[in-house]
Amino acid sequence: MLHSASEILKQLDSGEVTAVEVIAQSLAAIRASQPTINAFTHVAEETAMQAAEAVDADRKAGKTLGPLAGLPVAIKDVLCTSDMPTTCSSKMLEGFVPPYDATVVARLKSAGAIVVGKTNMDEFAMGASTETSAMGVTGNPWDTTKTPGGSSGGAAAAVAAGAVPLSLGTDTGGSIRQPAAFCGITGLKPTYGRVSRYGLVAFASSLDQAGPMGWSVDDVAIGLQAMAGYDPRDSTSVNAEVPDFTPAMAAEDVRGMRIGVLREGLDQDGISPAVRDALATAESVFREQGAEIVEVELPHSKYWVPTYYVIAPCEASSNLSRFDGAHYGYRVADAEIAAADSGPLEAMYSLSRAGGFGSEVKRRIMVGTYALSEGYYDAYYNQALKVRRLIRNDYDAAFQQVDLMLGPVTPSPAFALNEKTDDPIAMYLCDLFTVGANLAGVPAISLPGGFDAVGLPVGVQLQAPVMEETRLLRAGNVFQMASDFHTRRPPTFTANHSQ
């Protein structure tokens, strides 16, 4: 059975299992779950088994191995991989294989991890349900009629279904934390700049950040240790020393920590009682473990969502302008170009983009282009940047008073597939509690925090000051030692490992 990443690594080190056995189990679980979950856009069976055989041979020969040697991992299909397609779950990039690995992928491989495949996502990471994918909808392993969240829905579902113990997602406005909450796993969005964005196909460059997803805080700490660090190829990478995150896992309590509870937005319509209950439970657990619990406010939190949905589409409009049919990706047939009323170059651009992008991507490009246009730049984009500064100031002020902030991840547990697809505003409000961390650039972690009346997972969120991932990991690990929410598995996981 595929357990947590930390358990598998111990078994590999002790010789209890071989890398070939672990990878074979992972691939078998993918095959079993793919028809109902559809977590993967590409499965690398042959190369994964070859890599596993190489790890076992090196171990037998007594060679020095990387800290993740033999561990199966899955990569969100927005991160470049030189040996398999990177499609961003879009027709625009269908079949595209990059000539290089993203830095985070290269670092995981260098640490010995074995990439078993690429995971499904909302197209170009734009969505909160993995329903905008051109590769089909992904189901939630707890209930396949529900969404796994988005945009890293496939990465979260792959862990929850037992296909891999560790996956790599990206978070622009909550895209690691929301799927982690919906799928009952742990997901970490690092500080902006802590992890390289080189090789990450950009959605919103000032917001995007890659991070690990696994069952426990211990697992995501292992992943973060391998992928974090300065990268000169990324101009936004922070040249700061990466601490050893292991001591954070040894903490037995949170004595001396002051944790501020965020309640903004909890009184709105549509907030599930299970979300409030999970937050109350987390408060109680942290108080019992020695933390001082206080109230904290972020005065401009009501502007998080509107600010995000100006800045992110503006950056997307710019970033996605490179996909034009000329150099790579989808290109409309020459016959259609010749039949168009406009000139051939304009026809190639417009028809290729119209055919290659899905409706949600087109919507955000249009919104961003409008907000950046000459008559509206100051009223929308420039104004949003000013509000973003106020939001960052709110965080700075709050962290003068507290060590961490505790709050919800999502307004509700996982909602039904197709429930919000025709209502973009309802879908955007799924980001109500998560986009603040992206706008401020601070690290945040989603922890399994409970279950609703029908057994769907509910998450809780911790946020920390810039570059204080160690603080997050310490508190999160203490919470998980004092609770068992992260140890529960969905029916799909049990079915995949019943043999």
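Glycine is treated like the rest: Cβ placed from N, Cα and C.
If you look up Swiss-Prot, you'll see Lys76, Ser151 marked as active site, charge relay system, on the strength of sequence analysis. Residues or ranges marked as active site, acyl-ester intermediate in Swiss-Prot (evidence: sequence analysis): Ser175.
Sequence features annotated in Swiss-Prot and their locations in the structure.
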{"residue": "Lys76", "record": "active site, charge relay system", "DSSP class": "strand"}
{"residue": "Ser151", "record": "active site, charge relay system", "DSSP class": "coil"}
{"residue": "Ser175", "record": "active site, acyl-ester intermediate", "DSSP class": "coil"}
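For the pair Ser151 (active site, charge relay system) and the residue listed as 'active site, acyl-ester intermediate', the C-alpha distance works out to 5 angstrom. Cα-Cα distance from Lys76 (active site, charge relay system) to the residue listed as 'active site, acyl-ester intermediate': 11 Å (rounded to the nearest whole number). Taking a C-beta cut-off of under 8 Å and a sequence gap of six or more, Ser175 (active site, acyl-ester intermediate) has these contacts in its own chain: Asp122, Ala125, Ala128, Gly150, Ser151, Ser152, Gly169. Taking every protein chain shown into account, Lys76, Ser151 are the active-site residues, and of these the Cβ with the most other Cβ atoms within 10 Å belongs to Ser151.
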